[in-house]
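What follows is a set of notes on a single structure, which appears directly below.
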Amino acid sequence: MNAARPAPTALSTPAVEPAPAAPAPCAPEDVRRVACVGAGVIGGGWVAHFLARGYDVTAWDPAPDAEQKLRRLVAAAWPALEQLGLAEGASPDRLTVTATLEEAVSEAQFVQESAPEKLELKRDLLARLDAAAPEGVVIASSTSGYPMSDMQTRAAGAGRLVVGHPFNPPYLIPLVEVVGGELTAPSAVGWASRFYEVAGKSVITMNREVPGFIANRLQEALWREALHMVANGEATVAEIDASITEGPGLRWACMGPMLTFALAGGEGGMAHMLDHFGPSLKAPWTRLEAPELDRELYDAVVRGCDEAADGRSIADLVAERDRGVINVLRATGRLAERPTEGAAE
Ligand SMILES: NC(=O)C1=CN([C@@H]2O[C@H](COP(=O)(O)OP(=O)(O)OC[C@H]3O[C@@H](n4cnc5c(N)ncnc54)[C@H](O)[C@@H]3O)[C@@H](O)[C@H]2O)C=CC1
Ligand SMILES: C[N+](C)(C)CC(=O)CC(=O)[O-]
């Protein structure tokens, strides 16, 4: 079932011979100064996150009103961050907005890039960050989907460039997907993953490059089908959103799509689910083509769910899911709205 590693795009042929990645100047645990370059929706969210975790943060963004907007974003996020619990010494006062990119990164121990999702802009910016940041400092891009192999082509120090893909807002959604490019040093990937863990993130370190990484590929499948349905008059925007918030979204906050579907198989788990609903993969239930459910894929999914269950029985998982859904319903004020009238006498 192991799909061949996707061939690098023609764009990812390195234009420069990378210098071997110098070691990071400090351990992930010893980072105190973080630079955020690009301070819009996501970059601003990163600034708020790193400030709340007690770092000194420098930020640079070319927009004339960037500082005003950034400080407004941080101030708006701060009450939620106080609720979550701030690190010792955390303060918005530890933000410095610099006049130049070079100033922002000159003493940084980690750099998070969050400029617009435009490939040429990212290539030039990452090369500029590589030229300006202290030797060995890992530079991560917030890109939503570009492979680092396609972005790192102009950086002499490509070995220290990684993807660190967050979810909006980074100060609340814990996931960050980390993956290197063809020229990235494995040590930089490991350093970045460890740093994000230390900085309070939930890290998935991918073992291969794929455009869109993991969660965005899954989101994109749903997003594109939703757009088709609206375009074809099959569902309204409101129906699309309600179908998730009143349906699978309640479960997904507690349990991922794989284990959720294992429970669709009842006591038979994922094996029964695939036996029962496997043929539906050929039904026109989406415009996305399904893979062939061959023995290798079948066994990999069943085995993966058994491993994810980690000794919990189906009954344990059902109880866990039900507790979680009730908590989400309660937390989102929906338990009260549920119809109280029972069956007619
Ligand atoms: N918006 C979202 O939900 C998410 C976005 N991302 C990624 O984060 C990155 C930024 O996206 P957003 O924050 O949404 O965009 P945005 O448009 O809100 O912010 C981009 C910022 O970059 C600045 N900028 C423009 N040119 C620049 C340059 N050459 N160097 C540095 N900064 C520059 C702009 O002034 C702006 O403030 C993109 O790569 C995007 O794919 C990742 C996860 C989620
Ligand atoms: C819409 N988006 C592609 C920018 C979304 C992301 O990249 C991740 C997220 O926050 O959902």
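Cβ from N, Cα, C; glycine included.
Note that the structure is predicted; figures quoted are calculated from it, not measured.
Around the Cβ of Gly38 (NAD(+) binding site), the same chain contributes Asp61, Glu113, Ser114, Ala115, Pro116, Leu125, Ser142, each under 8 angstroms and 6 or more positions distant in sequence. Under the heading NAD(+) binding site, TrEMBL lists Gly38, Ala39, Gly40, Val41, Ile42, Gly43.
The annotation domain '3-hydroxyacyl-CoA dehydrogenase NAD binding' is assigned in TrEMBL to 34-207.
What TrEMBL lists as domain '3-hydroxyacyl-CoA dehydrogenase C-terminal' is 212-283.
Taken from TrEMBL, the feature region 'Disordered' covers 1-24.
In three-state terms derived from DSSP, Gly40 (NAD(+) binding site) belongs to neither a helical nor a strand segment and is classed as coil. When other Cβ atoms within 10 Å of the Cβ of Ala39 (NAD(+) binding site) are tallied across all protein chains shown, the result is 29. Within the group of binding-site residues (Gly40, Gly43), the Cβ with the highest number of other Cβ atoms inside 10 Å belongs to Gly43. In the structure shown, across all protein chains, Ile42 is the one of the binding-site residues Val41, Ile42 with the greatest number of other Cβ atoms within 10 Å.
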